[in-house]
Structures are given as C-alpha cells and as structure tokens.
C-alpha cells in the first residue's frame with residue numbers, strides 16, 4: 001500500500017524521483033497514472049484481439065463508430081409470421097436504418113446500415129431470433145462495405 005495515495009509511487013520518501021524521467025515525475029497523481037495505464041492496456045489488448053465486447057457494445061471505438069452497410073437474406077419459415085415487422089422494430093431499437101421485404105422465393109431480404117457494432121448485433125438477431133413464430137434455417141450476408149453517410153433516414157418495410 002502506498003503511504004500517500006495521491007503521489008507518484010516512484011518518488012522516494014524524501015520526494016525525489018526514483019525514475020529515469022526526473023523532470024517528468026514530480027508529483028503525478030496516482031489516479032492519472034492508473035488511468036493512463038488502463039488506457040494503454042486496453043489499446044494494447046485491442047490490437048491483439050483480446051477484448052470481448054459486452055452485449056450491445058463495440059469491439060473498439062473505431063469499429064463502433066464506423067458506418068457500414070450490409071445486404072441480407074433470411075431463409076426458412078420467415079413469411080406470414082410477422083418477420084418483417086419484428087425486423088423493422090429491432091432495427092429501429094438499435095438505431096439502424098435500411099429496409100426489409102418479402103421475396104417471391106419465400107425468403108426475406110433487406111439492407112442494414114449503421115454503426116458496425118449495432119449492425120453486428122442485428123445480424124446475430126436475424127440469424128438466431130427473428131419473430132416469435134419464425135423458424136430461421138440460415139442467414140446470408142453480402143455486399144458489406146464501409147460507408148461515409150447513411151443512405152436512408154428510417155427502417156422501412158418494403159411491400
């Protein structure tokens with residue numbers, strides 16, 4: 001335990017710095033050192049891919065802030081079970097924009113746009129959850145790309 005929690009731990013009892021950066025390390029608050037150390041650790045672990053995001057949070061600020069667009073098609077029992085309505089509601093809840101529609105082949109297709117972390121969350125929802133009465137066999141995602149701005153202002157059901 002440090003004798004004075006507000007003082008840099010590299011200072012000797014007489015207040016003289018013990019570190020090589022004598023001019024830099026005078027009386028740096030420990031909280032500043034800890035905060036800087038935690039920030040560097042998070043950045044380092046992020047570059048190694050060691051961080052696992054909490055649900056709804058991005059892997060990194062860079063990915064979370066990046067806008068992406070991805071097209072999708074969902075196969076299974078996805079028509080006549082309010083799949084489009086639930087997809088629209090989930091997309092809006094996540095703050096995404098885009099569209100969803102039934103196809104003549106009995107699938108549902110559409111496009112998602114928004115922050116990468118939110119799009120990833122929606123992709124998982126489309127693959128695993130869907131509407132309560134749906135049965136998803138598989139989901140296909142394609143044409144993923146980084147975008148500069150959103151092409152839509154809302155999440156629409158296309159008839």
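Here the Cβ of each residue, glycine as well, is placed from N, Cα and C on the backbone.
All annotation found in TrEMBL is predicted automatically rather than curated by experts.
Given the structure is predicted, the values throughout are model-derived calculations rather than measurements.
Taken from TrEMBL, the feature active site applies to 84 (among others). When other Cβ atoms within 10 Å of the Cβ of residue 84 (active site) are tallied across all protein chains shown, the result is 21.
Summarising the annotation, TrEMBL assigns active site to 102 (among others). Its Cβ taken as reference, residue 102 (active site) is surrounded by 17 other Cβ atoms within 10 Å in the chains shown.
In the predicted model, the domain 'Acylphosphatase-like' (69-159) shows an average pLDDT of 97. What TrEMBL lists as domain 'Acylphosphatase-like' is 69-159.
Feature annotation from TrEMBL assigns transmembrane segment to 30-52.
Residue 84 (active site) sits 8 Å from residue 102 (active site), taking the Cα positions as reference. Counting residue by residue with DSSP, the domain 'Acylphosphatase-like' (69-159) contains 24 helix, 38 strand, 29 coil.
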